[in-house]
Amino acid sequence: MLRIYTYLFWIVFSCASILGYNYWKSRNRHLFFKTGSTRSLLWVFFILVLSPVAVNYWFPDTTVNLKADTIIHLDEVQQRNLLRDGEIGEYYKNVVSVIGNNMNWVGFVSALLIMVTWFIYIHRMDVFHKEKLRYQIGTLLLGMLSSLLVVVITDGIDLYYPITYTGHFWYDLFVFSFLDIGVIEEFVKLIPFFIILKCTKEIDEPYDYILYACLSALGFAFIENLIYFKNITGTIIQGRAMLSVVGHMLDSSFAVYGLVISRYQHSSSKIVYFGVSFLIASFLHGLYDYLLFEHMLILVIGIFIFEIQVWTIMVNNTINNSQFFHFKIAHRDEKLRFFLAVMLSGILVLNYFVDAFQYGKQDANTNYLQSCFYSGLLIIFYVTHLSNYDLVKGYWRPIEFRISPPDYDHVPVNRGLASLLSVFKYNFIQPVNIVNYIVTIQPPHYNQLVYGYMSLNKGKIVDRICLLSVSDNGKESIDPDWFVVKLRDDLDLEDCLDDQYVNSFLLIKLETKSDSLIHDEDIRVFMRLIPDMQMVRSKQLTRKDAFPPIGYGLVNSVFVPGYTVKAS
C-alpha cells in the first residue's frame with residue numbers, strides 16, 4: 001500500500017508542477033482551462049479524489065450481497081444434442097433463459113452505462129454528416145442478436161472437432177484463440193454492419209464504416225457484459241469498460257478498414273483488402289485473449305495502447321477524406337474530451353461503490369487505490385488521445401510499424417526499452433488545427449535574408465496543404481504541416497530576392513508542433529514563398545523545394561475562432 005501511495009503522490013505532484021508551470025507561462029490564462037485536455041483531466045482528478053470521501057463518510061458499514069444466490073449453467077451435453085437434432089429454437093430458448101436468469105440489476109446498469117458511454121462517443125465523432133439515429137440503434141440491437149450466433153457456431157464446431165485450451169503455444173494461439181475465438185467473433189460482429197451497408201444508403205462517407213462496425217461491436221459486447229456481470233467481483237466493471245469493450249470496437253474497425261482503403265484511397269479489389277484487414281483484426285482479437293489467458297497483462301496493455309494509436313490514425317484518415325470535410329470542426333473535441341473524462345471516471349467510481357457495498361470500505365479502498373493507478377492512467381490516455389484529430393484535407397497518414405535503433409547515449413539497461421517504446425512515438429497524433437486563425441507575422445533579427453525588408457504583417461490562415469519532401473538519399477515523404485496565410489499587406493521583397501512569387505500569400509510551418517498559438521508567444525515558423533497559387537490548389541503533390549524558403553518568422557495569434565485572445 002505504501003508503494004501505491006508513493007506512486008500516486010509523485011504522479012499528482014508531477015502533474016501539478018507541470019500544470020502550474022504551463023499556466024504561469026500562458027499568455028491567455030483565462031483560456032488555460034477551456035482549451036486542450038486540462039479541464040477534462042482536472043475533472044478526472046476531482047472525481048477520483050472526492051469519491052473516497054463519499055464512501056468513507058456516507059456509506060453504511062454493513063455490506064450487501066449483490067451476488068446471485070445461484071448461478072444457472074447451460075447443460076452442454078443437452079445443448080449439443082439439441083443442435084445435432086436440429087432443435088435450434090429450443091437451443092436458443094435455453095441460452096436466452098440462462099442469460100436472463102443470471103442477470104442482476106447492478107450488472108445490467110453497468111453494462112448499459114458502458115454501452116451508452118461509448119455509443120455517445122462514437123456518435124459524436126461523426127462530425128460532418130450525422131447518420132439517422134434509428135439505423136444506429138438498429139445496428140446496436142442487431143449486434144446484440146448476433147452475439148447469440150457465437151454460441152451455436154462454437155458448439156457446432158465442437159460437435160465434430162472439439163477445441164480446448166491445451167497449454168501448447170502454437171495450438172492455443174492459432175487454433176483456440178485466433179480461429180475459434182477471433183475469426184468467429186469478428187465474423188459474427190460484422191453481420192449487422194453488412195446488413196446496413198447492403199440494405200441502406202447510410203454508409204456514405206469513410207467514417208461511417210468505422211461507426212457502424214463499432215456500433216455492432218458495442219451491441220455484441222453488451223450481451224457479453226451481461227454474462228460476465230452475473231457476479232460483480234474485483235475490477236471487472238472498469239476492466240470491461242476500458243479494455244474489453246474498446247477492444248471489440250477496435251477489432252471491428254480494423255476488419256472494415258480494408259473496405260475504406262479499397263473504396264476511397266486505392267480503388268482496388270475490395271475482397272483482397274477486406275480479407276487482409278479481417279484476418280489482421282481476427283488475429284489481434286485472438287492475441288489479446290491469449291495474452292489474458294497467460295496473464296501477460298503488461299503485454300496486453302502495451303499492444304492495446306498501440307492499437308488505440310492505430311485506431312485514432314484510421315479515424316483521422318476517415319475524417320480527412322470525407323466528401324463533407326471542412327475546418328470548422330476543429331474545436332469540437334473539447335466537449336468530447338470532457339464527456340469521456342466524466343463518464344470513464346464515473347464507471348471507475350461505480351466499480352468502487354459496488355465494491356464498498358459488497359466487501360466493505362476497507363477492501364474497497366485497497367482495490368480503489370490500485371485501480372486509480374492503473375485505470376486512472378488509462379483514462380488519462382483516452383482523454384488525451386482518443387479525441388485528437390489533425391485536420392488535413394485529403395491526407396492519408398500512414399501507420400508506422402518501425403522501431404528506432406538503440407540510442408547509445410542511453411544507459412545500457414534502458415537502450416532496448418527506449419528502442420521498443422519508439423513505436424508509440426511514430427504513431428502519436430499532435431493536432432495542429434490553426435486554420436481560420438488570424439495571426440501577426442514578422443521575421444526575427446537573425447533572419448538576415450528578409451529582416452529589414454519584411455515588416456510586421458497580419459494575415460489569416462486559410463488552408464493547410466501537403467508538400468512532397470525529398471531527403472538527401474532520394475526518399476520521398478509527405479509533409480502535411482504547411483499552412484497558407486492570406487496577408488493583409490502585400491509582400492515587397494524585390495530588393496532582397498530575385499524569385500517570382502505571389503505577394504499576398506505565404507506558406508508557414510510551425511517549427512515545433514506542440515507550440516500553441518493560444519498560450520505561447522513568438523512562435524517560430526518556417527516561411528516559404530508561393531510562386532503560383534495553382535501549385536497550392538492543385539490536387540497533385542508539389543515538391544517542397546518548388547516554394548522558395550525565406551527563413552524563420554515569428555507568429556502570434558490575434559484571433560482564434562470561438563475564443564477571445566490577448567494581443568501580444
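Here the Cβ of each residue, glycine as well, is placed from N, Cα and C on the backbone.
Just so you know, TrEMBL annotations are computer predictions that nobody has curated.
Listed in TrEMBL for this protein:
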TRANSMEM  6-24  transmembrane segment
TRANSMEM  40-59  transmembrane segment
TRANSMEM  103-121  transmembrane segment
TRANSMEM  133-153  transmembrane segment
TRANSMEM  173-197  transmembrane segment
TRANSMEM  209-229  transmembrane segment
TRANSMEM  241-260  transmembrane segment
TRANSMEM  272-291  transmembrane segment
TRANSMEM  297-315  transmembrane segment
TRANSMEM  336-353  transmembrane segment
TRANSMEM  373-392  transmembrane segment
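Within the same chain, residues 66-68, 136, 140, 214-215, 218-219, 221-222, 225-226, 228-230, 232, 237, 240-241, 245-246, 249, 336, 339-340, 343-344, 346-347, 350, 354, 386 sit at least 6 positions outside the transmembrane segment (103-121) and bring their C-beta atoms closer than 8 Å to a C-beta of that stretch. The stretch in 133-153, 173-197, 241-260 that contributes the largest number of Cβ pairs under 8 Å to the transmembrane segment (297-315) is 241-260. If one looks beyond the transmembrane segment (336-353) by at least 6 residues along the same chain, the residues whose Cβ comes under 8 Å of a Cβ in the stretch are 37, 39-41, 43-44, 47-48, 51-52, 55, 59, 110, 113-114, 117, 120-121, 124-125, 232, 235-238, 241-242, 364, 367-368, 371-372, 375-376, 379, 382-384, 386-387. Of the recorded ranges 173-197, 209-229, 241-260, the transmembrane segment (133-153) has the largest number of C-beta contacts under 8 angstroms with 209-229. The recorded stretches the transmembrane segment (173-197) and the transmembrane segment (373-392) do not share 3+ CB pairs below 8 A when only pairs 6 or more apart in sequence are counted, and are therefore not in contact. With a cut-off of 8 Å between Cβ atoms, the residues of this chain six or more beyond the transmembrane segment (209-229) that come close are 99, 102-104, 106-108, 110-112, 114-115, 118-119, 122-123, 125-126, 131, 136, 139-148, 185, 188-193, 196-197, 202-203, 236-237, 240, 244-245, 248-249, 251-253, 255-257, 259-260, 314-315, 318. With pairs at least 6 apart in sequence, the transmembrane segment (241-260) and the transmembrane segment (272-291) have 3 or more Cβ pairs within the 8 Å limit; the two touch. Distant neighbours of the transmembrane segment (241-260): 114-115, 117-118, 122, 182, 186, 189-190, 193, 206, 209-210, 213-214, 216-218, 220-221, 224-225, 270, 273-278, 280-282, 284-285, 288, 300, 304, 307-308, 310-311, 314-315, 317-318, 344, 347, 375, 378-379, 382; these residues of the same chain sit at least 6 beyond its ends, with a Cβ under 8 Å from one of its Cβ atoms.
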